[in-house]
Amino acid sequence: MDSSSKTGAGKRFVRSRIAALSALALATGTLAAVPSFISTQPAEAAPFTGGIRDKSGAVEKDGQQASDLPAGKCVVEGADQPSGKQAGFTWSTLEPSASSTSKTAWGLSLAFDNSKDRTFADWSFTNSGQMSAYLDAGRVPSMNVSQTFLGNNVTHKADESIEITKSGRQLNLNLNANLTEEKVKRYAEATVKNPVRYGWTSDYKQESPRGPRATQGDNAFFMAVVNPWPSENIECNPITVSWESFDKHVIVPGEKTKVGKINVPAVQNGGTDDSMSRMVVEAYDGNGKFIGTSDPAASGGEQMLRIDENGDIYFTWPEYRGTDLATDKNVNFSVLAKPRSVDQLKGAAKNNNEWLEHDGAFDSSNSLTRYNKANVIDSKAFSLDDTEYHNPQYDKTDASIISGVDSPTGPLATEPQKVTFTQTADLIKELAKKKTEGGFEAKVSLDEKYVYDGWTVEKDENYNVTVTAPENPKPGAFAQPKITVEYSNGSTDVLQLMVVVNPNNTQVTDLVRPGLSKGKLNQEITSQVGTRSIMKGHKPVHPAKFEIDPATIPAGWTVTVDKTGKVTAKADDTVAPGTVITPKLKATYPDQTTDEIEVQFQAIADIKIPNYDTVTGQPNANVSLIPEIPERGLSGNTSDEAPQRYTFEDGTNKTTLTSKDGKTWTVYVDEKTGEITTTIPKGAQEGDILNVPVKAHYSEEGKQKPQTVIGTVVVIKGDIKANYAVQTTGPGQEVKHQVEDTPDGSTFSFGQQNGKPVLTQDVNGWKYTIDPKTGVVSSTPPANSKPGDQNTISVKVDAPGGLTTMTPVTTVVNLSNNWESNPSYPVETVYPGDTATLPVALDKPENINVAKDKPYKLGDITAGWNVSIDDNGLITATAPADAKPGHQVKIPVTVTYEDKSTDTAYAVVNVVDVPTREVPFGVEYKFDDSIPAGEYKVGTKGVPGKDKMTKDGTWDRTKDPVNEVVRIGTKPSEATKQVTWTAEVAFAVETRPNPELKPGEIKVVQKGVAGVKTYTANFTAKGSEASVTPEEKVTQKPVDEIIEYGPTPEDTTVVTKVARPIPFKTKIVFDDTLETGKKVVQDGVFGSETVTSTQKIVNGKPEGEPTVTTERTQDPSDQIIRVGTKCVCEKPNNPGNGSTDKPCKPGQPGQPGSGSHGSKNPGDSSNPSDASNPGGSLAATGAQQALAALMGVGMIGVGLVLVLARRRSRRD
């Protein structure tokens, strides 16, 4: 033994006499479910990105190991404990015992590892006692590497030695740490399997000394000081956060809101804590993305939070609308503790050990991740005001109006048509109020993107919306305003409103004009007006009434109409055969809209009316005109009678007529052939015209009046040629005459008037116009003209070089196919890029047909449109994809009949926009064990779908909605709880004689009082797993009850009996077939034993030694607890299996470790007094009370390995 001394020996850590670590009480276990007595802490934050986590890193709560030290203590204390382990610090001792190989060897070992995530600031061992008889003062150096201490290899040689100093008869043993940067780093890198282990051994001067031992005993004390984690105050007391409880928060940008308070426990030993200065609060959006902090230097980003001196946390709300934060359903806050600096750790170490004589911290003190990265204290999510909490509505979302009509029965609209959408709950007016007024700060906007020209939308102060249509709105037109309610978090409710224009009766119905109705004089002629649909999806509406316009009925005719649309006409004798009339018919529909149509009637006879052509000639020339007899007569039959003879109006065959220029002409007509002959006067001027009226006579002169027909002669002299072909047309129908053979550069007119060319003229009801450049003449006969009527006018042609000529233009009235037919097309609507088909409707008599070769021909088409037509007149029209709503195209179609006459019809296609509406998305909820319970995270953001309206008013899905997926956290939270309960310690009863009492008299001298034993269990629960560190201590010793009795004066034998209780044991049986929980199978019952002392009394005095016997009167009945658990519990590794409750005093017989636990006996080789075997299961005195206490606080489903040590009570 080294006899040198060390300065500073005798250092002793000031400590509480209640051991923090009891070798008889330490145990671990597993909770099958979180006990109900453990108050759930705020849920841990979901995975976050950005901020301090990305900048310097952070240790999340689920990555933080729970402390196995009592809250508020950074010190591991081993008082009167031969061995133990806590916070990664392990100690064991060696002392001689009956089974020891050496009866003089003593020693101790210290080991360090990082199993509890702690770094160390100090450690020491102290002891004292009267050991100078068998132990010398001096120094005990450390064992060498690879030497063995109680079966474990020493891994490092310590430069610290055990200093033994003498003070009188007492020896003081001190082993004090001399920590360095390298040592602290070495401890931090050590693991359970490869710890840093030191050892010190020496020998007593005598074998198995009876007095105090060097490493064990009442004064033996092991100590280690750990560094507090960033998440603890300087006394290793956990920092917590108290959160506010608001939800559905209405955001006001710039408003400051208290969200919580950081609770830093007060320092108990008078030191100055550094915790609040290290606190950082960060804000994260609903998807865990960093948005702001209280400490930009630590987190980066913008400062949005502040921490007051008292720990209150305030958040300044940013703008959500129109930013990346828009639509977030919640905001997250996370409180983190920054690591301590080395200086701060030094201060904490000094606070936790006032006797510290070396630096308590180094750079390596922060070498573990738990120390060098920010620790997450707690996180909390708060919900934000969102669209899911509101449901603003209108009394309707779509409405329709009838174009130009107030209702299906009228009347006609006299002012612009309107539709009002009235607000219902939730009222937008309330949502838009300020937060201070009880509102939600919602912003409301009106979107008029789909409100086209002519439509107007107005929103009043109550957010009622009025949509006004333009005058005479077109069917299919619509307005689709949108009201957007934007909440404070940027989420929106979009209320789509729609007004669609439905067609009125006139717009879906077309009056079908009947063909020409023919009839003889004085006979009724009937014609039926029909109806047809001109809009797909709608049936035609029959008019409520019909009316004839009297102004359109010529003299000699009577026309009537009934309610079915049947028109009846009758011509009297004054009407010339072949006369055609066109009365106008007005139809009034149920909705009061009106339409007009013309019907045609012709008075006929069974005759053929001849036709004369127009001839030209020069002065003094002989000319003739031969009549042309039509194949069919007025009745349409070939059998109709042709004229039998011809005369002039005076009944002769020779007459004198005056021409237009006043010249006298002599004219002849052949009575049988009708040929007209004449000689043009010698002085006739060019352009002079002679009309020759001829009467055609029929066989029945009395029944059939002669018919007047006209032949025309035109005088020409010109130097140039110019010819117009004779054209035929119907009454009131325009026809165009094209000029041929004229020189280039010619101009055309009907003559000169006031020095200007005449371009229009009206001759006897015939209307003419001429194009001065092209020479095209438009001729329109009177509406009351009849087949066979004709008229000729002259056109002046001026050619270059001063050449000129006059040429005739003749128009003849007859019933051509085009005059009796009426082609038409329906009006169609089409969406941009879509195709419409338009069939032709051709109203004609049965005997009229279209041309066999290409009867339908398209005219000029608007650029961008793709249009085709087939031989049946069916048009296929495709609109350009970029066509604008409201655009209209008119497609001209020329219809050619078999008589080569033509009609032009127009197919109209209107482009309309596609009405759309949003399709709301659904919400799917999924459970996610990676997100803490009580929180949720939006995994997939919901996207609305889209529908578009088809032409028939139904909706087609164009885009499916994407459901929003919300992940609900199920990750268990972490919590701690300390439970304390007490159990009664039974008192003994002692009886003794008192000579002062009369024989048979009994007196209770001292009332028995039960003692109290206090049990403490520190539970740490994480989800469904938990650990427990129990402790027990006798807080009140029992007081024996003493009973005295009066002895008899005769010689006798006095028997004294003392009844003592025998405590029962508790057996815990683990059964993995049962559901998690426990069941008391058998209650424990205290046993009893009687200690009998027999003393012989002679002359009232004891004689000799008493005889003492002990008799068990009742065996204790064990309490059996069956614990159901389906989890696999780790076997606890607890020290203290071989220790005693209390060491022997110096000089008292017996040795430390002579007490027994469980089935182990004193002196057994399996129970050495060196206490080097941590772990093992022990019976539990007081377990009944312990478990009852747990039951009392609602512990449900506990799968608990509860290992408690029983101390043997012993009176001094």
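Glycine residues also receive a Cβ, built from the backbone N, Cα and C atoms like all the rest.
Keep in mind that TrEMBL annotations are predicted by a computer and have not been checked by a curator.
Residues 44-45, 280, 282, 290, 293, 298-300, 336, 338, 369-370, 373-376, 378-379, 971, 974, 1022 of the same chain sit 6 or more residues outside the compositional bias 'Basic and acidic residues' (52-63) yet have a Cβ under 8 Å from a Cβ within it. Among the features that TrEMBL reports, compositional bias 'Basic and acidic residues' is placed at 52-63.
Remark: secondary structure over the compositional bias 'Polar residues' (776-793) totals 0 helix, 8 strand, 10 coil, with classes taken from DSSP. Summarising the annotation, TrEMBL assigns compositional bias 'Polar residues' to 776-793 (among others).
As annotated by TrEMBL, compositional bias 'Polar residues' applies to 1162-1174 (among others).
The domain 'G5' annotation in TrEMBL covers 971-1049 (among others).
The annotation domain 'G5' is assigned in TrEMBL to 1048-1127 (among others).
Residues annotated as region 'Disordered' in TrEMBL: 48-69 (among others).
Residues of the same chain lying 6 or more positions beyond the ends of the region 'Disordered' (630-655) and with a Cβ under 8 Å from any Cβ of it are 518, 577-578, 602, 604-611, 666-674, 693-699, 704, 706-708, 787, 814, 847. The region 'Disordered' feature in TrEMBL is assigned to 630-655 (among others).
Summarising the annotation, TrEMBL assigns region 'Disordered' to 774-793 (among others). Counting same-chain residues at least six beyond the ends of the region 'Disordered' (774-793), those with a Cβ under 8 angstroms from any Cβ of the stretch are 554, 576-582, 602, 609-612, 614, 634, 689, 691, 707, 709-710, 712, 714, 722, 724, 727, 729-739, 742, 746, 748, 750, 761, 763-768, 808-815.
Residues or ranges marked as region 'Disordered' by TrEMBL: 1095-1117 (among others).
According to TrEMBL, the region 'Disordered' annotation covers 1132-1179 (among others).
Taken from TrEMBL, the feature signal peptide covers 1-32.
Residues or ranges marked as transmembrane segment in TrEMBL: 1186-1205.
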Within the compositional bias 'Basic and acidic residues' (52-63), how many residues are helix, strand or coil going by DSSP?
7 helix, 2 strand, 3 coil
Number of helical, extended and coil residues in the region 'Disordered' (630-655), per DSSP:
0 helix, 6 strand, 20 coil
